[in-house]
Each structure stands twice: as structure tokens, then as C-alpha cells.
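Pulled from Swiss-Prot:
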type: BINDING; residues: 53, 74, 96; note: S-adenosyl-L-methionine binding site
């Protein structure tokens, strides 16, 4: 899953929850309506959920609170430790978007929040192909992540971040693999999914991809 970012996850584990709470000005808009975004994923998820990039367990906790059956996949030991320290049940397993243990149930939904951009477009295609083979008809993928309408919109946000002095945000936008909606839609459709996209703030969209018959 772009494990080149693993050291970043380990470093970020202690402060991640402060960031998503809006305490970091550079990422305030990225995480605006964070709790609403998580609730929307939970609302769209089925009963048996495979979650990638569990992180500190915020989405995991929301899914469990809604009585979902959850199998979490997370590559960072520090992130998993932070989740367990918050009292979240240990449903976490080592792995990533591309390499992960099989859950003990047949998932009807695959979810992720703020993580799919760690894969290149080619890796995204590989991952979605794998998920297509896991899910039955009417199964779905629900991902929330930073994405852009097109490359021009992506570049505009980079320029805006630099103008505001948000150097870390600008660097993230330039170096990580944030998808464009048209590319992501094409990948899903080629793998047998119908998609809908829902904008949640200036950066984050939720994509809901349903597997066709």
C-alpha cells in the first residue's frame, strides 16, 4: 500500500487524532466534517466489513458501535497501538491494501478513510481488481479520501496551499498519489462496479462503488 509511507504513519500515530480534530491549521479543511464523513461511511456499509488503513481506529470504532462485524487491516504497529490504547477492540491485522490476511467471513463491504491515496494509480487498479474477486454481486466499496475533479483542480489546491504558507500540506499534495475522479471512476467501471461520488469538503469525497451483476 505504498509502504514507503510506513515511517510517516508511525511518526504520526501520537498526533493523528489531534490533526483530525482540526488542531493543525494546515489540515483543518482536509478534516472538516470528519465525524460526519465517518458516519456517512458507516451508514453506507453493510454488516460484514473489511476495513483498510484502520489507523488509530476512529472508523473502526464507529463501525463497531453500529454493530458491524469488522476485520481491520493496518500496516503500522504504532497506529494499531494507539487504537488499542483508546480501548477499541483488537480487530486489527497486519497488512495493507494489496497484501492482507483473509477475513474469517465473506465481506459485503470494503471501506477505508483517508488512506487509498497511498497507492499509485496502477496499484489502485490492482487493489480494486482483487476486491472485485472478493465481493459478491451487490457488494460495495466505500472509500473516503482526498481526490480531485481533474489535474487542474489538484494543481489549484497545491498553489492555494503554497500561497497560504501551508508547506507541509503542499508537499503532501505534490508527493502522494491523490486520484482524480475520472481516473478512479474508470478503474472501478473496468472492474465491474457502478460508482457515485459525494463531496464532503474541499478535499474529501466519498466514492461508493457497487459491484454489478
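Backbone N, Cα and C define each Cβ position, glycine as well.
The record assigns 53, 74, 96 to the S-adenosyl-L-methionine binding site, and the maximum Cα to Cα distance across that set is 7 Å. All protein chains included, residue 96 (S-adenosyl-L-methionine binding site) registers 21 other Cβ atoms within 10 Å of its own Cβ.
The number of other Cβ atoms within 10 Å of the Cβ belonging to residue 53 (S-adenosyl-L-methionine binding site), over all protein chains shown, comes to 25.
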